[in-house]
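As recorded in TrEMBL:
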- 20-237: domain 'CWH43-like N-terminal' (DOMAIN)
- 12-40: transmembrane segment (TRANSMEM)
- 74-96: transmembrane segment (TRANSMEM)
- 108-131: transmembrane segment (TRANSMEM)
- 143-162: transmembrane segment (TRANSMEM)
- 182-200: transmembrane segment (TRANSMEM)
- 212-234: transmembrane segment (TRANSMEM)
Amino acid sequence: PGRRCTPLSRPLVIRLSFTSCVWGTVSLPLLGLTTCVFISSVFHFEDSTGTHCQVPNYLPSISASISLSPECHIWRFCIGLHSAPRFLVAFTYFKFYKTRFASRFPESSLSCLNLAFSISENFGLLLLTYVSSSETYLVHKEGFVLFIISSLIYMLITCRLWKVIKKYSLSPEDAKSYHWKVRFLLLFISFCAFAVYFYWKHNMYCEPGSYTFFALFEYLVVFSNMAFHLTAVWDFKSREVMVISSSEDKDF
């Protein structure tokens, strides 16, 4: 007859502070971007800085940096690895907002929109990552536009929700988080405006250095976006991420 064996081992539990999770999630694209820009600037300078204007430029744009090899593989690895935790953070915020604003209007509806644009931002980033400008430019461009617009709307809604949270909260962490969110939002908008201006100026007048300033402000747009997402370390300072694997009994 068969006998039943009960495993002696305990369920595997992986505990990770939410702060560490957020830092790791933001560090991956930061490391990937800086590595790609460095490699492009040092080893592929002509290919990454050349444009149709054929004027001197000194910095590669992000699209140019992540379209070359091995840069594209580094960037895709970092973004692919960070995308799952990004979705986790998005749904954590959604649950947090729905708890806070269960019976409030319009905050309850804004919580749903916030989740939608957070997911849309991540999908836009994945699209521009895995379809490079050298492969299908229009699709890459649409991914970039989706990323920027979704990021902007997500930040605006987030600041609106945290303005209400700060108003009724006694926690200094909530006030700090709100104020830094607003600062990073304003920086994001300012850097976007400068990037658009220098991109237009480069294409309209082909002035030397205009594309370099566009690339610089493009970096700052991405850095301000990363910094905005990093404020989650104040929002979920005491939270933990747990992965539990429970073993089931086996029959022999």
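Any Cβ shown, glycine's included, is placed from N, Cα and C.
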For the transmembrane segment (12-40), give me same-chain residues lying six or more residues beyond its boundaries with a C-beta closer than 8 angstroms to one of its C-beta atoms, as numbers and ranges.
47-48, 59-60, 62, 64-66, 68, 70-71, 74-75, 77-79, 81-82, 85-86, 88-89, 92, 219, 222-223, 226, 229-230, 232-233, 236-237, 239-245
Cβ-Cβ under 8 Å with the transmembrane segment (212-234): same-chain residues at least 6 beyond its ends:
18-19, 22-23, 25-26, 29-30, 33, 37, 49, 57-62, 89, 93, 148, 151, 155, 158, 173-174, 176-177, 180-181, 184-185, 187-188, 191-192, 194-195, 198-199, 202
Mean pLDDT for the domain 'CWH43-like N-terminal' (20-237), rounded to an integer?
93
